[in-house]
Amino acid sequence: MSRPEHLAPPEIFYNEEEARKYTHNSRIIDVQMQMSERALELLLLPEDQPCYLLDIGCGSGLSGSVLDEQGHVWVGMDISTAMLDIALEREVEGDVLLTDMGQGCPFRAGAFDGAVSISALQWLCNADKKSHKPVQRLYKFFSSLYACLSRAARAVFQFYPENSEQMELVTAQAMKAGFYGGVVVDYPNSTKAKKFFLVLMTGGNVPLPKGLGTEEEMQGVSYISKREHVRQARGKSLKKSRNWILEKKERRRRQMKEVRADSKYTGRKRSGRF
């Protein structure tokens, strides 16, 4: 099966049909959510403190939904108009920007507390136009990303390297731009579950987290995940409840977005008779 980046540039490959299929496929949604949760875990953000995050290759906002659930504020950037149109249809919490990450991150210095990216970085390793030179585009991207992150911040990229040479190309340009870090591999002995995460740090070199995949970890992952989910849910409003809707509307007001006024009908479920 051909890799998507070999078929067409991302802004063409993710047309309206492909974007909708990507956003409505339950399996893709589950995988995206799991990878986003893992990336957020590798960011090592302060607990119970909202952070301002950059979602690179945000697409239709699936990964942004995970950031929302953890109480963070985010800005997304993507090159696909069709994907961003669906994000707007879904009324995602974050602001989204149409831009090519190979041209750099157009944000002020030190703006973000961290960055995540799901299934996007490998697209930069291809030359879709005569003017595209992967080494230069990767360096431009990483150097501008380094500039817009606060010091001691992290950036975590889940990506699909085609081979070891591509992985070395990506990591070399990231280190050249000033980052420390390396690649964390989850479930290295599994064909389907194996995932690569490039973990980059701005505040100095510290030991990389260990990848998931030992027999003990695989046995304990689901139980730890469930306990953590219950712990985090305590004191928080259930999704789609009246309180959850009111909190969401208040967040949107703080972002200076237009929101309908609250009423006694806010959050009330409609009768199925109509």
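The backbone N, Cα and C atoms fix where each Cβ goes, glycine too.
According to TrEMBL, the compositional bias 'Basic and acidic residues' annotation covers 256-265. TrEMBL lists 54-130 with the feature domain 'Methyltransferase type 11'. As annotated by TrEMBL, domain '18S rRNA (guanine(1575)-N(7))-methyltransferase Bud23 C-terminal' applies to 200-271. Feature annotation from TrEMBL assigns region 'Disordered' to 241-274.
Within the domain 'Methyltransferase type 11' (54-130), the DSSP-based counts of helix, strand and coil residues read 25 helix, 20 strand, 32 coil. Under 8 Å from some Cβ of the compositional bias 'Basic and acidic residues' (256-265) lie the Cβ atoms of residues 246, 249, all in the same chain and six or more residues away from its ends. Predicted-model confidence for the domain '18S rRNA (guanine(1575)-N(7))-methyltransferase Bud23 C-terminal' (200-271) is 66, expressed as mean pLDDT.
Taken residue by residue, the compositional bias 'Basic and acidic residues' (256-265) breaks down under DSSP into 0 helix, 0 strand, 10 coil.
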